[in-house]
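Copied from Swiss-Prot, the annotated features are:
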type: REGION; residues: 13-196; note: region 'NBD1'
type: BINDING; residues: GLY60, GLU61, PRO62, GLY63, VAL64, GLY65, LYS66, THR67; note: ATP 1 binding site
type: REGION; residues: 197-406; note: region 'Linker'
type: COILED; residues: 247-385; note: coiled coil
type: REGION; residues: 416-618; note: region 'NBD2'
type: BINDING; residues: GLY466, SER467, THR468, GLY469, VAL470, GLY471, LYS472, THR473; note: ATP 2 binding site
type: REGION; residues: 619-714; note: region 'C-terminal'
Amino acid sequence: MNINFTPAGENRNFLQEIGRNINDEVLKNKVDPIIGRDNEIRRLIEILSRKSKNNPVLIGEPGVGKTAIVEGFVRRVVSNDVPLNLRDVEIYELSLSGLIAGTKFQGEFEKRINTILKQVKESNGRIILFIDEIHQIVGLGRNSSSGAMDIANILKPMLARGEIKVIGATTLKEYREYIEKDGALERRFQKILINEPSSQEALTIMRGLKTRWELFHNITIFDSALVAAVEMSTRYINERNLPDKAIDLIDEAAAKIKTEMSSEPVAIDSLKREIINLETEYAALKQDKENDNKQSKKEYLEKLKKQLDALKQKRDSLINEWKKEKADFENINKLKKEIEEFQTKLETYQSEGNYESASKILYSDIPRLKKELESAQQKYATSKHDLFKTEVSENEIAEVISQTTGIPLKKLLESEKDKLLHLGDEIKKRVKGQDEAIDAVVNTVIRGRVNINDPNKPIGSFIFLGSTGVGKTELAKSLAEVLFDNEKALIRFDMSEYMEKHSVAKLIGAPPGYIGYEQSGLLTEAVRRKPYSVLLFDEIEKAHPDVTNVLLQVLDDGTLKDSQGRVVNFKNTLIIMTSNLGSNFLLEGKKDLAIQSLKKHFRPEFINRIDEIVFFNVLEKDTVLSIINSLLAQLSKRLNKQNLFFNFDSNLTEFIYKSSFDQQFGARPIKRFIDHSVATLIAKYILQGKIKKGVGYNIAVVKDNITITQNNKS
């Protein structure tokens, strides 16, 4: 049997097939312009102009703009803004996945790569390859069974001789992990370190892209939105880099407005629903034959008909108004796109030396379109347009940040202002007798919410000092529930679980080489998922000193690195640590001695970083009676849900106080006493059938015994 096999692509131009011609994309205006980064582009040009080792590799963190710098260089090539030796060069982005795809037979991959390299070599420097994620060439194409070489080893000789030019891009981590390990490959490339741009540089880059976003999304982007995107992404998104994270915010906010513009306005939608409801009612009444002859039915039907006609008229008017607004706005965007297209043609004609066509565009077409655009914008600005939003402002950016991080950044609504102003009153309903402690915490929260606090530290950090059972943990729970409408916003760590030295690994993750390295730390992961929360470190004095050392960085800078090197942002957390240290002195009213015991236990650098040490008062009798009434009210509320009604006599409150309260143990024994003595008695009566649903009962103390009797009124 004869098998004739011709390798796929024998006479094909693989470079055109699997490469992306960036020059063509720039000419077709498919590539976004780059503003700034002049030093990096100049360094790229200098390396490409060398005789040997003329292969630059751009190294930087993800999102800093490595690929954009290459595209910026290509834009300069297209506009002839480069030295003579680099004019007319073509830059192809090589797809490594396309290179290896379909190479079924041994030697086919090597033939394909050699065909491409031969074409690049024969171009005499007219073709430059760009390989994004260049670290992937190490090992790509190698097959242990056949002994084939990978791309890196195929490229090395040609790179060394300067026969081909390659631009690479990769991250610092992957460069170190793959390319630095191969010394021969590393020395054939010249590194260009791409740093994250400053906030001002990122803002300049975004201002250059603003027009492209506006044309793509058919919206208007205010400059305040660009400033807000840079500032908010810098402050609230720590895991990513500028300008990528700021660009993402603008793009998402613009997409949100675009989606709203594409759908019907809320005003029209609600009118349509109202019309459907009335039409359904009208049809149902008309089909009802029972009351056909009644005058009231006829009058009501006529009233419904008039109401429907008025609503339909209003709907049609709104739809026409909406369509007109939309048409006017689309006309503005159409003119902007035409101006953009003419600008691209102008650049092309100028680079080609076609000055006749360029002058026609520059002095005739563009001025005419700009005049039309100005007229259309004035007309749109003076007309009423309330049906849909067409602008992206800082509010939309804040909304996107809030959705992605859970941090409330939208402008304070009146309802939220009232909530913050009455925050202390709400918490005082739950936590009794600790007004000073509550006020200290609430004032810090208010400062943080209106952005007066230091932006590089947590919202606030406190040590709650007091004897057991005085409300330290309860205050933290109340704060989470009142502030975030959810007690789950409280992230609690019982520090009795962190008494050993190695417990630090539980908080930030195990170090490399240890079991559990791939898993995240409990503290760092919890804050990454819920960046706006209350952190409670209960009984902090029980933790090992090394555990408290981890908190030093959090309290000072508002950040913490986990075991995998990721920086976690604690700047939107409220940190509360509770402690029973010196509680015996606080019972005697000796605060100075309580602080001395705190200073003996914790290091000065730890205490110095805490915003405030909050003392919890010893519970007075009136406060304890108020707590008892509150606990009985909670019990009554639970019973009411089962249609069981109980009234608690005043002598019961006094009896519970005398039987259960002890200054040394605080309020906790009271809850236990109510559960054991009152709730248990009610449960037994229910099981015995002595309690009926819907009937009221009175619980009182008779001769030091708790009794349940039916109310006379029942």
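Residue 1 is the first one shown; counting continues down the chain.
From the backbone N, Cα and C atoms, a Cβ is placed for every residue, glycine too.
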May I ask for the distance between GLY469 (ATP 2 binding site) and GLU61 (ATP 1 binding site), taken between their Cα atoms and rounded to an integer number of Å?
50
Can you count the other CB atoms that lie within 10 A of the CB of GLY63 (ATP 1 binding site)?
17
Rounded to an integer, what is the Cα-Cα distance in Å between VAL470 (ATP 2 binding site) and LYS66 (ATP 1 binding site)?
57
Relative to the mean position of the Cβ atoms of GLY466, SER467, THR468, GLY469, VAL470, GLY471, LYS472, THR473, the recorded ATP 2 site, which additional same-chain residues have Cβ within 8 Å?
PHE464, GLU474, THR578, ASN580, PHE616, GLY666, ALA667
Just name the winner among THR67, SER467, THR468, THR473 (the binding-site residues) by count of other CB atoms within 10 A of its CB.
SER467
So how many of the residues in the region 'C-terminal' (619-714) end up helix, strand or coil by DSSP?
51 helix, 19 strand, 26 coil
Environment of GLY60, GLU61, PRO62, GLY63, VAL64, GLY65, LYS66, THR67, the listed ATP 1 site - residues of the same chain whose CB lies within 8 A of the CB centroid:
THR171, ILE194, GLU196, ASN241, ASP244
THR67 (ATP 1 binding site) to THR473 (ATP 2 binding site): how many Å between their Cα atoms?
51
Tertiary neighbours of GLY471 (ATP 2 binding site) (same chain, Cβ under 8 Å, six or more apart):
VAL431, LYS432, GLY433, GLN434, ALA437, PHE616, GLY666, ALA667
For the binding-site residues LYS66, LYS472, the one whose C-beta sees the most other C-beta atoms within 10 angstroms:
LYS472
Lowest local Cβ density among GLY60, PRO62, GLY65, GLY466, GLY469, which the record lists as binding-site residues, within 10 Å:
PRO62
So among GLY466, THR468, LYS472, all listed as binding-site residues, which is physically nearest to GLY60 (ATP 1 binding site)? Use the C-alpha atoms.
LYS472
Closest of the binding-site residues to GLU61 (ATP 1 binding site), Cα to Cα, picking from GLY466, SER467, THR468, LYS472?
LYS472
Measure from the Cβ of VAL470 (ATP 2 binding site) and count the other Cβ atoms within 10 Å, all protein chains considered.
30
